[in-house]
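Report on the following structure.
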């Protein structure tokens, strides 16, 4: 790698400001400020990347001892598991095995370094610039505000994201990072900020060992080296050096507040219960299995119906049948029996949709073929021979016998924004962003990504589908990450608020799209300023669908400062900016919990 020199980021925190710090930054003990420094470097460990920035890889980091993680048991959610202090409990044979397997891993890394990584798994690309992780930040109160806070905003805005604690030793995809939740709490006109790791079982064990040991599903599991990493993990498991029986998920993608609990989710595990403290801090309560009801993973985009207050969800398996299951929880958190949905092969089901009476399940062309690793490829495959389709099933179904499958060729929607029924035409209307190439997020390709906001009509009588772009071709922009008014979810909506994913993978602003007319109104963050998912917070006192506010984190890449912007959703005028004490990396999905609901937290 050629030597490069450029501006680099040095995030400073006081020694007491975090339970444990990011291994990606130099830390000092005299400031809580974010400083942009100029420094000329000749280190071969500093690299250029496609995002036009550099990422310094620091020295080995040793974390503090973790707190015990709690696991749900029948009739309780708070019984602690034994502390994850593996090294202290190892016997002589285990210590010998650990040494031998560490040597095997070192040899494997040396072999991997002989071959260049694709951009989709190169950590120097995937977590460069403001995609790089930050340390935890304790609660900072009375944040400076520019503008005037709307009086209706009272509660806490939360956003999840991937934030690897340890420097990757091999391939790393942005989706692989440890979950970190950022919280901005509004209390009587005053605002606080904090961010904390979600204390997953995976994270607790890696902290105890002082290094990453669990395989990374997207970044590492490619080809023969991916098989070797799986074998290495299983060898450590057999020797009792790591324990994956309590899940290996990172809980970095979705957030939902349901049945008085905030749940952090990724589709490779069950959720984690997070509690917002009265002063605005965050603490992990437990790995939450709904009182021993949930026996399988749950995707990170469950749907909370605003009318019946039920939570609808899917679970998919990439190894064994059934590859897909559907279930729901009533408003009291009682789970329905699983509905097994027959699929010919394991398929990525990142998202789905609900209507008033149905669930809408996408069975698309991105599938899992573990055998591809034997042939040196990625297990995440774009199957060109497969025809994408949508399945429509009653919300209250007890089996999949009445599921209606409707083909929708060449349609891959990573996210679905809404769906509703139009009985007069026997159609279910689905709103989603159709992405091409379908696997471009996971596998390197030469084509530029396009994400087209589309209306997909599924005719339940004829079994046919139609698809059209909502925005006219001359105004086409990439739209990814966003939402409709959550109080209208599953019902006909006029507006969607979606991130302007340009230049990909950054977000330069957001768009308010009229789903009926195709009109697009844009809110641009400004030069060298980028953000993420826009969260629409409806005004509960109004019947107008677009009466509310957009909340979104915005980062200034020139000044290296972050803020939370509050934008009037009707006229797209900036109402207020909250200046944050810490950099907020680009992340994933968020939610808002009103103050009255916070008081009811379990």
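Backbone N, Cα and C atoms are what each Cβ position is placed from, and that goes for glycine too.
Curation plays no part in TrEMBL annotations; they are all automatic predictions.
Range 1-29 is the one annotated as region 'Disordered', of 1-29, 88-116 (source: TrEMBL). Other residues of the same chain near the Fe cation site, with their Cβ within 8 Å of the Cβ centroid of 301, 350, 415, 589, are 253, 254, 299, 300, 351, 414. Remark: residue 301 (Fe cation binding site) has 253, 254, 350, 351, 352, 415, 589 as non-local neighbours, by Cβ distance under 8 Å and separation of at least 6 in sequence.
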